[in-house]
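Annotated features in Swiss-Prot:
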BINDING   His74, Gly115, His116, Ser117, Gly147, Ser148, Asn175, Tyr286, Glu368  thiamine diphosphate binding site
BINDING   Asp146, Asn175  Mg(2+) binding site
Amino acid sequence: MYKLLDTITGPADLKNIPREELPGLADEIRRFLIETVSQTGGHLASNLGAVELSVALHYCFDSPADKLIWDVGHQAYTHKILTGRRESFHTQRQYKGISGFPKRSESPHDAFGAGHSSTSISAGLGMAAAQDLKGSGSRAIAVIGDGSLTGGMAYEALNQAGHLKKNLIVVLNDNEMSISQNVGAFSSFVSRKMTGSDFRKLKKEMQGLLENIPAIGKDILHFARRAENSLKGFLTPGMLFEALGFDYIGPIPGHDLPQLLEVFENVKGLEGPVLVHVMTTKGKGYQPAEENPAAFHGVGPFDVATGKTTGGKPGAASYTGVFGATLVKLAEEDEKIIAITAAMPDGTGLTPFAKRFPERFFDVGIAEQHALTFAAGLAADGFRPVTAIYSTFLQRAYDQVFHDVCLQKLPVTMALDRGGLVGDDGPTHHGTFDLSYLRHLPEMTLMAPKDENELQHMLKTAIYAGRPVALRYPRGAGYGLPLDQTIQSLEIGRGELLTEGDDVAIVAIGSTVYPAQEAAKLLEARGIRATVVNARFVKPLDRELILGAARRTGCIVTVEENALQGGFGSAVLELLADEGMTDVRAKRIGIPDRFIEQGPQPQLRKDLGLDGAGIAATVEAFLTAKGQAALSLVK
C-alpha cells in the first residue's frame with residue numbers, strides 16, 4: 001500500500017532510502033496521516049506542514065543518540081511514524097493507545113515529553129549542556145513553531161543559550177508567516193552557502209589573519225562583520241536571533257527536501273547555538289486543511305473527500321458555547337466587561353465576543369502569565385476583565401494569580417475551561433488540580449456549576465463579585481437544559497440542597513452533581529436514603545448546609561473531579577475537623593494521586609468511579625464497612 005513507508009520500522013531504515021526518493025516518502029506519509037487522522041481525529045494541519053522537516057531531521061541526525069525535542073507536540077506525528085509507531089498510530093489519542101504528544105515512557109526517541117508550549121528550547125539547552133558535560137558529542141535539536149515563540153519561556157531559553165554557547169540547534173518551524181520573511185532564490189542560496197563548511201573554514205581563517213595584522217587588522221575585521229551582518233539583515237529576518245548569540249540560518253523552504261538535507265548536514269558541523277528558520281505551509285497537501293488550517297488544527301473524525309467532520313449530531317450546547325454567549329449578553333449591558341484569551345479564542349468560546357466587541361477583546365498569545373497581570377492592570381483601573389483559559393494552562397500563571405490578582409484584591413474573573421477530565425489529550429491537558437491549587441489563596445472565591453444553566457448565573461456572579469474569582473467548568477456538552485432568560489447573581493458561599501435522606505450525605509461539586517443524583521437514585525433502590533448537596537462553592541463553603549447534612553446523617557461523602565490531595569473533599573474534612581465533629585464518618589471520591597491517561601470522558605469517569613454507578617458502589621461499600629474510624633481519611 002505504501003511502497004517506501006512499508007519498509008520503515010525505525011530511523012535506521014529511513015537512511016537506507018536514496019535521497020532522490022525521499023519526496024515520494026513524504027507524499028506517502030502525508031497520505032497516511034490524512035487517512036489515519038480522518039478516522040481517529042487529532043492535530044492534522046500542523047503535522048501535514050512538518051512532514052519534510054521531520055524526514056530531513058531523522059535522515060541527517062541519529063535519534064535517539066541525538067536528541068530531537070518537539071515543542072508542544074502538535075508537529076510530532078511524522079516523528080512517531082518514523083520511530084516505530086506506525087503500526088500503532090491508529091490508536092493515537094485513543095483509550096489505552098499511544099499519546100498524541102511526545103512521551104518519554106512511550107519511546108526512547110521521545111527525548112522530552114510535551115503538551116504545553118514553549119518548553120523545547122529550555123529542555124534542549126539542558127540536554128546540550130548534559131552532552132557537553134558527558135563529552136558525548138551528541139546534538140540536541142529543539143523544534144519549535146512560531147506560535148510558541150509568543151511564550152516568554154522560549155526567549156528566556158534563547159537568551160541563556162546565546163550566553164552559554166552550547167551546541168544547540170533550534171529549528172523554527174514558521175507556518176503562520178508571523179515573522180517577517182524575505183524568501184527568494186538569492187536568500188536561499190546565501191543561507192545554504194553561509195552554512196557550508198568551506199565558508200565557515202574560510203571565515204575563521206580570515207578572522208585569524210586579520211586579527212594579526214598590526215594596527216589596522218581589527219578595524220578591517222570589525223568592518224567585515226558589519227558588512228556580513230548588514231547583508232544577512234537585508235536578506236533575512238534573523239537579526240533578533242543573531243543579537244541573542246545565535247548563528248541564524250534561513251529562511252529555508254520547508255517542503256524542499258534537498259535544501260533541508262543540505263542545510264542540516266552543514267549545520268551538524270557548526271559550533272555553538274544555531275537557529276534554522278524553516279518556512280512551511282500548515283495543512284500542506286490536503287486542500288481543506290490548507291484553506292482552513294485553524295479548523296484542522298485539532299479536528300475530530302472527518303470525511304477525506306469533503307473535509308467535513310463525521311459522526312457529530314446536533315445536541316446540547318457546550319459549556320464553552322454557553323460561557324461565550326453569556327459573556328456577550330452581559331457585555332451588551334456593561335461596557336466595562338473585557339475578554340482576554342491566551343491564543344485560544346475559538347477553544348475558549350470568545351470568538352463571538354471578539355467579533356461583537358473587537359475593541360474590548362485581547363488575545364495576548366501563548367502568554368498566560370502576561371494574560372493574568374494584564375487583566376489585573378485592567379481591573380486596577382476600573383474594568384471587569386474576564387480571562388478565559390484552560391484549567392491546565394492556568395498552572396503556568398500561578399504566581400500572577402497570587403501576586404498580581406489575589407494579593408491586591410483585584411476583581412479579575414478567571415474562567416477555567418476544561419476543568420476536570422478532558423479526554424483524548426490526556427495527562428498534559430486534564431484540569432484536575434485547579435481546586436487544590438486555588439482554594440488556599442486568600443481573597444479567592446472558587447465556584448463550579450452543576451450544569452450549563454447554572455454556569456450563566458455563576459458568570460454574572462463572578463464578574464460582579466468585586467474580588468478575584470475562579471469559575472471552573474468542564475469540557476463538552478451540557479445537559480440540554482433550557483437557559484433562564486434572566487441572568488441573576490447567586491449568593492456567594494451558598495450551596496443547594498437537592499434531595500434529603502437520613503443515611504448518608506453526598507456533597508458534590510461541579511460536573512459530579514448529576515452523577516451524585518444518579519447515585520442517590522441507585523442507592524434508594526437498595527434501601528439507602530441519601531441527602532444530595534450541590535456545593536456550588538469550593539471557597540467559601542456553605543458551612544451551614546454542609547454541617548447540617550453531616551449532623552443529620554452522621555456520614556458524609558464528597559465527590560469531585562479533581563485531585564483528592566488538597567481538593568474539595570479536603571476542604572470539607574477541614575470544616576468538620578474545625579467544628580469538632582469527630583463523630584461524623586467521612587469519605588472522599590475523586591482523582592487519585594496519579595496522572596490520568598487519555599480516553600473518552602465517560603470511560604475515564606467509569607474507571608475512576610466518578611459515574612453514578614461508581615459513586616453508588618463506593619457509598620454502599622463505605623456504609624457497610626466494619627470498623628470504620630470516625631472522620632476517615634481513607635480514599
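Yeah, the Cβs are placed from backbone N, Cα and C, and that goes for glycine too.
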Residue pair Glu368 (thiamine diphosphate binding site), Asp146 (Mg(2+) binding site) - Cα distance, angstrom, rounded: 17
For Glu368 (thiamine diphosphate binding site): DSSP state (helix, strand, coil): helix
Site extent for thiamine diphosphate, whole Å (max Cα pair distance, His74, Gly115, His116, Ser117, Gly147, Ser148, Asn175, Tyr286, Glu368): 32
Conformational class of His74 (thiamine diphosphate binding site) under the three-state DSSP mapping: coil
Cβ neighbours of Glu368 (thiamine diphosphate binding site) where a neighbour is any other Cβ within 10 Å: 25
Distance check against Asp146 (Mg(2+) binding site) for the binding-site residues His74, His116, Asn175, keeping those with Cα within 10 Å: Asn175
Three-class DSSP secondary structure - Asp146 (Mg(2+) binding site): helix
Lowest local Cβ density among His74, His116, which the record lists as binding-site residues, within 10 Å: His116
Under 8 Å by Cβ from Asn175 (thiamine diphosphate binding site), same chain, sequence gap 6 or more: Ser46, Gly49, Ala50, Gly145, Asp146, Gly254, Met279, Thr280, Thr281, Lys282, Pro293
